[in-house]
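*Asks:* Here you go, one structure.
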Amino acid sequence: MAPGAAPAPVLLVLLAAAARPAAAWDLWALRCGFSADCECGFGPDLRGLEFDLATNVVGQPLVRQQVMKGVREFLENPNPVKPLVMSFHGSTGTGKTYVSSMLIRYLFQRGLQSPYVHHFSPIVHFPHAEQIEQYKESLKRWIQGNLTNCGRSAFLFDEMDKMHPGLIDVIIPFLGPSWVVYGTNYRKAIFIFISNAGGEQINNVTLALWRARKDREEISLQDLEPAISKAVFENPESGFWKSGIINEQLIDFVVPFLPLKHHHVKQCVVNELVQQGLEVRPSVIQEVADSIPYFPEEEKLFSSTGCKTVASRISFFF
């Protein structure tokens, strides 16, 4: 089958429901879309989120800081003027997907299984560059339809570094400070962008600061923002390239994920052993952590894969 003749992606198949005219939605859906009182299974547990971030998200002080600040400020405002928009950046294995899943789990009663949480992948939903105009229309209708169904919805966009440039701009009307867009109350929605883009630059800055004897815990968002901006927002291959989302400053919180050191990987091993119900043996912890490649070649300071391969490696040493 030729690339252009591939079956319609899952996103397009689902549009039959999402793109129905407003008159077709049942009365509850209409009330939920326009009412500020309808929470659609939304039950935030900020104490639980804060504890889980502190306990299980290893070596990411800026992540804990930015995520809690963003969510707390957003939820404390009963009438936000715009949705919460967060952008996660870092190399593989540093916890971006893990944190986004954790965040949703503590906000929605059914977590990622909630019908009001929507996850997009460019490889699955937007695979063909030649169909970008069709994807734009589909994505706009999908967002609009689901926000009509429930204004308290969450949208996760994974692998933004693989998103076709220009596609994401179609959701700009849903991100800005307006009250109603397309007849939809959308101000309480949450948008999370996840990307490996900027990971190399974050790693380089972290390494340079370490060599300058700046403690990892002292690294600030201001230390990293210029590098992230250049790598992510000025890259022609990035989904954010020349994006109005950037030009109009619609991202509320940029969340950088730092590279993980050897002792962070060891903590990941401990967490994984506990999760699997296995004995926490110091020898196993050391062997698993030592089996992972580190960079740069001279210092071997940071894990090349973060904690991504920890779970699969444990069986070799247990």
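Our numbering is plain: 1 for the first residue shown, then up by one each step along the chain.
Backbone N, Cα and C atoms are what each Cβ position is placed from, and that goes for glycine too.
Reproduced below are the annotations present in TrEMBL:
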SIGNAL    1-24  signal peptide
BINDING   Gly90, Ser91, Thr92, Gly93, Thr94, Gly95, Lys96, Thr97  ATP binding site
DOMAIN    260-317  domain 'Torsin-1A C-terminal'
*Asks:* Write out, in the order they occur in the sequence, the residues of the chain not among Gly90, Ser91, Thr92, Gly93, Thr94, Gly95, Lys96, Thr97 that have a C-beta within 8 Å of the mean position of the C-beta atoms of the recorded ATP site.
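*Replies:* Result: Tyr98, Asn196, Gly199, Phe257, Gly306, Lys308.
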*Asks:* In the domain 'Torsin-1A C-terminal' (260-317), how many residues does DSSP assign to helix, to strand and to coil?
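*Replies:* Taking each residue of the domain 'Torsin-1A C-terminal' (260-317) in turn, the totals are 31 helix, 5 strand, 22 coil.
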*Asks:* When neighbour density is defined as the number of other C-beta atoms within 10 angstroms of a residue's C-beta, which of the binding-site residues Ser91, Thr97 has the lowest density?
*Replies:* Thr97
*Asks:* What residues, ordered by sequence, lie under 8 A Cβ-to-Cβ from Thr92 (ATP binding site) and sit at least six positions away in the same chain?
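*Replies:* Counting only residues 6 or more apart in sequence, the Cβ neighbours of Thr92 (ATP binding site) under 8 Å are Asn196, Gly199, Thr305, Gly306, Lys308.
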*Asks:* For Gly95 (ATP binding site), list the number of other Cβ atoms lying within 10 Å of its Cβ atom.
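*Replies:* I count 25 other Cβ atoms within 10 Å of it.
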*Asks:* Using a Cβ-Cβ cut-off under 8 angstroms and a sequence gap of six or more, which residues of the chain neighbour Gly93 (ATP binding site)?
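*Replies:* Non-local contacts for Gly93 (ATP binding site): Leu260, Ser303, Thr305, Gly306, Cys307, Lys308, Thr309.
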*Asks:* Suppose we draw a 10 Å sphere around the Cβ of Thr94 (ATP binding site). How many other Cβ atoms does it contain, all chains included?
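*Replies:* A 10 Å sphere around the Cβ of Thr94 (ATP binding site) contains 32 other Cβ atoms.
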*Asks:* Check the binding-site residues Gly90, Lys96 for other C-beta atoms within 10 angstroms of each C-beta and report the one with the most.
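*Replies:* Result for the most crowded candidate: Gly90.
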